[in-house]
Amino acid sequence: MPIYEIGKTIFNISEIIGVIAFAVSGAMLAIERKLDVFGVLFLGVVTALGGGTIRDLLLGITPPKMFFSYQYLLTASVVAAVVFLIGFIFKNCLNERNPNIDKIINIFDAIGLGIFTVSGAQVAMQAGYADNAFLVIFLGMTTGIGGGILRDVLSQTTPFVFRKHVYAVASLLGACLFYFLIYFSVNSTLAALSAMLFIVIFRILAARYRWSLPKA
């Protein structure tokens, strides 16, 4: 198994984009749930950083990265604050449920899911577990969906991952794709971008065409 290592700059940029995407989706959901400014900021930060925090704890990385990499916390907080201000200014437009808001949340959520799934798998590989396919794929998926689960639980909603449009499946398949592309010596950056793009497209199509897993 080749050692996986995306260039540090590319990796950091992709993580920042993921933080922004998840912070937007978390903050927008909080506004939709009529939470106050603290609730919007808190859900934005939890959605953006929750998955990575769970990943770090499972890997025994303490304190988790969010507590000493302040650029992530600051980015998530600023983005959530901006979303709150936009929501406050255009409050009248958001009083009634708007399907376009759901579409925007889905798009940002898909971007965050793709980036953090690959990020989680990459961190697991760098931690020395590149030969453990199950662990790498599991941590990739957990990093991708963890923040969204925490967001939904805190907003008293059945976690999206358990009820709609093959959310976790997209992350799982993307993590598998990333792992096996690396395993077969595909360029690491190409593997990462391919897996991210796969997850984003899969999620958007699943939401658009309402793909769902069977229910009892």
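Note: Cβ is positioned from N, Cα and C throughout, glycine not excepted.
According to TrEMBL, the transmembrane segment annotation covers 12-31, 37-58, 70-90, 133-154, 166-184, 190-206. Annotated domain 'Glycine transporter' per TrEMBL: 13-85, 107-181, in sequence order.
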Helix-strand-coil residue split for the domain 'Glycine transporter' (107-181), DSSP-based: 63 helix, 0 strand, 12 coil
Cβ contacts under 8 Å made by the transmembrane segment (133-154) with residues that lie 6+ beyond its boundaries: 22, 25-26, 29, 42-43, 46-55, 58-59, 109, 112-114, 116-121, 123-125, 160-161, 167-168, 171-172, 174-176, 178-179, 183, 199
Residues of the domain 'Glycine transporter' (13-85) by DSSP state, where helix covers H, G and I: 61 helix, 0 strand, 12 coil
Distant-in-sequence neighbours of the transmembrane segment (166-184), which means Cβ under 8 A and at least six residues beyond its ends: 1-2, 4, 110, 113-114, 117-118, 120-121, 125, 130, 133, 136-138, 140-141, 144-145, 148, 160, 190-192, 194-196, 198-199, 202-203, 206, 211-213
Averaged pLDDT score, the domain 'Glycine transporter' (107-181): 93
